[in-house]
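Annotated in TrEMBL:
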- A:GLY23, A:ALA24, A:ALA25, A:GLY26, A:ARG27, A:MET28, A:GLY91, A:THR92, A:THR93, A:ALA122, A:PRO123, A:ASN124, A:PHE125: NAD(+) binding site (BINDING)
- A:129-263: domain 'Dihydrodipicolinate reductase C-terminal' (DOMAIN)
- A:HIS152: active site, proton donor/acceptor (ACT_SITE)
- A:HIS153, A:GLY162, A:THR163: (S)-2,3,4,5-tetrahydrodipicolinate binding site (BINDING)
- A:LYS156: active site, proton donor (ACT_SITE)
4 protein chains.
Amino acid sequence: MTIPVASATPSPVPETINVAVLGAAGRMGRTVCDAIEAAAGLELVARYDAGDDFSVVRESGAHVAVDFTVPGVTEANVHALLDAGIHAVVGTTGWTDESRQRVREHLAQPAVAAARTGVLIAPNFGLSAVLAMTFAARAARYFESVEVIELHHPDKIDAPSGTARHTAAAIAAARADAGMAPSPDATETGHDARGADVDGVRVHAVRLRGLVAHEEILFGNVGEQLSIRQDSFDRVSFMPGVLLAVREVVTRPGLTVGLENVLDLS
Amino acid sequence: MTIPVASATPSPVPETINVAVLGAAGRMGRTVCDAIEAAAGLELVARYDAGDDFSVVRESGAHVAVDFTVPGVTEANVHALLDAGIHAVVGTTGWTDESRQRVREHLAQPAVAAARTGVLIAPNFGLSAVLAMTFAARAARYFESVEVIELHHPDKIDAPSGTARHTAAAIAAARADAGMAPSPDATETGHDARGADVDGVRVHAVRLRGLVAHEEILFGNVGEQLSIRQDSFDRVSFMPGVLLAVREVVTRPGLTVGLENVLDLS
Amino acid sequence: MTIPVASATPSPVPETINVAVLGAAGRMGRTVCDAIEAAAGLELVARYDAGDDFSVVRESGAHVAVDFTVPGVTEANVHALLDAGIHAVVGTTGWTDESRQRVREHLAQPAVAAARTGVLIAPNFGLSAVLAMTFAARAARYFESVEVIELHHPDKIDAPSGTARHTAAAIAAARADAGMAPSPDATETGHDARGADVDGVRVHAVRLRGLVAHEEILFGNVGEQLSIRQDSFDRVSFMPGVLLAVREVVTRPGLTVGLENVLDLS
Amino acid sequence: MTIPVASATPSPVPETINVAVLGAAGRMGRTVCDAIEAAAGLELVARYDAGDDFSVVRESGAHVAVDFTVPGVTEANVHALLDAGIHAVVGTTGWTDESRQRVREHLAQPAVAAARTGVLIAPNFGLSAVLAMTFAARAARYFESVEVIELHHPDKIDAPSGTARHTAAAIAAARADAGMAPSPDATETGHDARGADVDGVRVHAVRLRGLVAHEEILFGNVGEQLSIRQDSFDRVSFMPGVLLAVREVVTRPGLTVGLENVLDLS
């Protein structure tokens with residue numbers, strides 16, 4: 001996969017994609033390893049975790065590495081992968097505008113750019129979650145009212161969820177682009193029942209034993225409603241998104257942020 | 001229907017129930033008049049509204065009067081109906097413990113008691129709303145978690161709705177009776193997304209153009225959920241409850257509060 | 001727990017209830033063993049499975065036995081438990097009117113009756129499922145229309161589910177008792193989209209990857225809807241119902257069929 | 001609005017769009033007239049109905065005509081509008097491949113093409129319905145399982161609804177394009193509960209008093225679900241879509257079929 005800088009030929013998509021997993025001993029990492037081993041056209045060639053030498057990855061023949069580690073090391077991992085000419089799919093949280101910008105700059109270096117290496121950073125690999133968010137943003141300009149309800153298990157310490165915040169922000173941006181007024185709201189008493197305000201969009205957080213991670217976006221016009229709901233019951237639900245990302249990142253040089261950008265939604 | 005005090009014989013249920021409507025010119029009153037005119041076994045005998053002389057009702061031959069007037073006059077109406085020996089079905093809001101107690105005392109007067117006159121005061125005549133609330137209170141002791149979501153049109157000025165408050169309070173009372181702990185909640189940040197606290201039960205208020213009046217009660221245990229939802233799209237939905245109340249009040253002397261107490265839910 | 005016939009004193013409820021599990025090696029049985037071991041006031045005293053000698057149970061000091069075995073042996077197990085003076089909670093399927101009648105007769109024998117032994121046979125221990133079914137039957141007489149949707153994983157071979165059939169039959173019986181007409185339906189073309197007819201109630205079966213076992217009952221009147229939905233995500237969701245049954249069966253001599261009959265739903 | 005053929009200049013979008021309504025006396029037509037009268041930038045210049053002379057429309061100065069007439073006359077209306085150089089927005093049903101083709105040919109005539117006249121034929125002007133259908137088709141390739149539930153009032157004579165058929169067909173086409181297998185289904189007994197088969201997609205039709213027109217599309221993968229639901233409570237809900245179509249058709253020469261094609265959903 002390491003391509004000589006002199007070559008102008010982009011790296012072809014390999015028939016079998018060799019995959020290394022970083023954070024392979026974690027709960028998410030183990031699930032990813034299982035999924036890759038079971039997937040047609042993918043081969044698991046390295047399991048890397050804290051304490052291992054990075055040569056395990058570098059010398060594995062991996063075309064793509066999947067990083068589900070921790071915020072403190074994920075950026076360093078990505079730079080090491082780029083140096084090794086390995087595409088990266090990143091599910092670890094904690095990325096900032098600055099850390100993403102450093103990855104962009106690294107990707108722009110002549111040798112890396114010539115190798116057409118790709119990095120995909122996604123805060124969420126759940127197809128249902130990503131599609132719900134994407135569709136909600138697209139529907140936003142066509143409805144007078146919108147609110148978001150997220151529902152999670154009661155052990156969650158933050159509210160509302162990051163996904164719900166992200167969804168509300170995307171909806172708010174789409175409404176602003178379309179020059180829309182805020183959703184109507186005549187509430188005079190009882191504002192504490194009206195949820196959090198995220199960029200002008202009301203977000204309600206429900207905590208219920210037995211739930212995992214769920215989100216519902218409600219749109220309203222006179223005489224009609226549109227509701228988009230997604231349910232994530234198990235982390236195994238992220239695997240179709242991870243596998244899709246592995247297959248897509250090899251054809252997408254540069255930095256891609258968000259799984260929605262590798263989906264065909266036109 | 002006026003029964004001589006001397007008689008110990010309770011008033012029999014009439015074959016056709018004559019009905020007077022108080023507040024007949026209001027939106028709700030007009031709908032009630034239409035429903036009574038269309039109902040088998042009921043006959044509309046008086047339409048009474050502000051400015052009319054009460055003799056219109058007293059001399060109408062009404063067995064039952066339905067009061068959808070305003071908080072300022074409804075209690076006086078009920079006392080006048082009791083004096084006239086007419087059963088009362090009351091949908092007007094604004095009743096307090098004290099005003100209800102005064103009705104109980106009036107009903108306990110020998111002449112009124114002998115006439116077996118009944119008064120039914122109901123904050124809500126929607127069967128779906130009343131059943132949702134009743135079932136929720138009964139289910140409450142069997143689930144670790146519970147939250148309430150109410151959804152209304154965006155012109156509503158108070159939050160959460162009276163129905164949702166009432167539902168949450170009934171759930172809280174049932175949980176307290178069963179010696180249950182509060183619903184688990186590990187939230188550390190973002191309490192504003194967690195809704196209003198009604199007796200320890202979280203209540204979320206959604207406002208959306210196109211909605212009318214809706215309530216959802218969510219229960220959770222490990223591995224399971226129970227959801228009870230009711231939707232009121234139109235005030236005509238209250239009519240089956242009003243008609244049921246008219247038919248039941250003639251057989252229930254004394255004060256009954258809440259439509260659920262005339263439903264057969266065992 | 002074996003009480004001399006001469007004694008008129010009923011067996012007192014033990015402070016700690018000793019429990020034997022029959023079918024302890026099965027998936028459901030193992031889950032039950034774990035739940036009992038974790039429950040306050042219950043002690044697991046025997047694990048019995050195919051091939052074991054029944055003396056394991058008889059001599060265990062068990063007050064209650066929980067049977068999650070197979071249709072071919074569950075009836076014989078119950079009779080053996082009754083002979084041993086042990087209350088039985090039965091979750092195994094396959095019971096018929098005849099096999100239940102034989103249990104009733106055994107319970108009526110003087111020695112067993114004097115011991116006040118109880119048997120609880122329940123087709124479903126899911127509280128959400130049992131409550132949904134019970135509430136649906138009680139609501140049935142108050143709505144013009146009703147339909148049932150059940151949703152399961154796509155590996156299920158029968159449709160509609162037994163729970164949905166049972167729910168529809170209970171709704172149909174309640175409507176018949178109340179003298180109601182069938183739900184209105186003007187369908188002239190496309191009857192194959194209208195679901196199965198169970199005693200006149202339409203039942204729709206959805207099969208979807210990712211689902212487990214879910215049921216929704218929809219009621220409609222002019223201008224209003226009532227929806228009751230239950231979701232079972234995991235067999236662990238049956239444990240609260242099993243534990244409740246274990247605690248209740250010791251106070252309920254004779255045969256009880258259906259968990260709803262030990263719930264306090266008034 | 002009639003542009004000389006010689007001119008190469010396309011007709012500019014007028015500041016105020018003059019609108020004629022065909023079928024103005026029908027229920028839908030009256031609602032459209034009210035909506036246009038209330039809309040900024042639109043002016044109602046003609047109400048035309050059966051029995052009126054078409055000169056009412058032709059000489060009205062209308063830039064756009066909205067046709068909510070009946071299947072028997074709608075095609076003739078469109079051709080007459082094209083001859084008059086008036087853009088057409090058509091909500092009347094009954095269009096076939098052949099009748100659409102005849103409109104395309106008329107639009108291709110040099111004079112009409114030069115005038116850049118546009119025709120928009122839409123089977124559904126409900127934004128929630130159109131968006132639900134469009135999003136469902138786009139999501140289709142990302143989920144192993146999919147089923148459609150449509151819910152309507154019980155006076156509907158056909159099942160499943162045209163919208164549900166259309167949705168299922170679009171989903172089936174998207175799945176075929178992506179080379180997907182049918183949704184898994186192990187059903188052996190009870191096929192009548194499994195709904196209608198529309199191009200391999202199961203469609204269930206619920207009929208319930210109190211409902212109007214509703215559709216839910218359910219997608220499932222291992223561990224996750226995506227649900228898209230739309231509710232139409234009132235024909236007034238079609239007005240935002242009609243107004244949008246009126247504003248868009250003047251900028252879109254030729255034939256456009258389906259409101260989704262004038263929405264910005266990228």
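In case you wondered, yes, glycine gets a Cβ from its N, Cα and C as well.
Projection of TrEMBL feature records onto the structure.
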{"residue": "A:GLY23", "record": "NAD(+) binding site", "DSSP (3 states)": "coil"}
{"residue": "A:GLY91", "record": "NAD(+) binding site", "DSSP (3 states)": "coil"}
{"residue": "A:PRO123", "record": "NAD(+) binding site", "DSSP (3 states)": "coil"}
{"residue": "A:HIS152", "record": "active site, proton donor/acceptor", "DSSP (3 states)": "strand"}
{"residue": "A:GLY162", "record": "(S)-2,3,4,5-tetrahydrodipicolinate binding site", "DSSP (3 states)": "helix"}
Here the Cα-Cα span from A:GLY162 ((S)-2,3,4,5-tetrahydrodipicolinate binding site) to the residue listed as 'active site, proton donor/acceptor', rounded to a whole number of angstrom, reaches 12
Cα-Cα distance linking A:THR163 ((S)-2,3,4,5-tetrahydrodipicolinate binding site) and A:GLY91 (NAD(+) binding site), given in Å to the nearest integer:
14
Sorry to bug you, but what's the C-alpha spacing from A:THR163 ((S)-2,3,4,5-tetrahydrodipicolinate binding site) to A:ALA25 (NAD(+) binding site), rounded to the closest Å?
25
Arithmetic mean of per-residue pLDDT over the domain 'Dihydrodipicolinate reductase C-terminal' (A:129-263)
97
Compute the mean position of the Cβ atoms of A:HIS153, A:GLY162, A:THR163, which form the recorded (S)-2,3,4,5-tetrahydrodipicolinate site, and then list in sequence order the other residues of that chain whose Cβ is within 8 Å of it.
A:GLU150, A:HIS152, A:LYS156, A:PRO160, A:SER161, A:ALA164, A:ALA213, A:GLU215
Grouping DSSP H, G, I as helix and E, B as strand, the residues of the domain 'Dihydrodipicolinate reductase C-terminal' (A:129-263) number 53 helix, 42 strand, 40 coil
Hey, what's the Cβ neighbour count for A:ALA25 (NAD(+) binding site) at 10 Å?
14
Grab the NAD(+) binding residues from the record (A:GLY23, A:ALA24, A:ALA25, A:GLY26, A:ARG27, A:MET28, A:GLY91, A:THR92, A:THR93, A:ALA122, A:PRO123, A:ASN124, A:PHE125) and give me their largest CA-CA distance in Å.
20
Shortest C-alpha distance to A:THR93 (NAD(+) binding site) - which of the recorded positions A:HIS153, A:LYS156, A:THR163:
A:THR163
Students should find that the Cβ of A:GLY91 (NAD(+) binding site) has, within 10 Å, a number of other Cβ atoms equal to 24
Once the chains shown are all counted, how many other Cβ atoms turn up within 10 Å of the Cβ of A:PRO123 (NAD(+) binding site)?
18
Within its own chain, what residues at least 6 apart in sequence put their Cβ under 8 Å from the Cβ of A:GLY23 (NAD(+) binding site), listed in sequence order?
A:GLY29, A:TYR48, A:ASP49, A:ASP67, A:PHE68, A:THR69, A:VAL70, A:THR92
Among the recorded positions A:ARG27, A:HIS152, which residue has its Cβ surrounded by the fewest other Cβ atoms within 10 Å?
A:ARG27
Cβ-based proximity (under 8 Å) of the recorded positions A:ALA25, A:LYS156, A:GLY162 to chain B, or none:
A:LYS156
Can you tell which of the recorded positions A:HIS152, A:HIS153, A:LYS156, A:THR163 lies nearest to A:PRO123 (NAD(+) binding site) in space, using Cα positions?
A:THR163
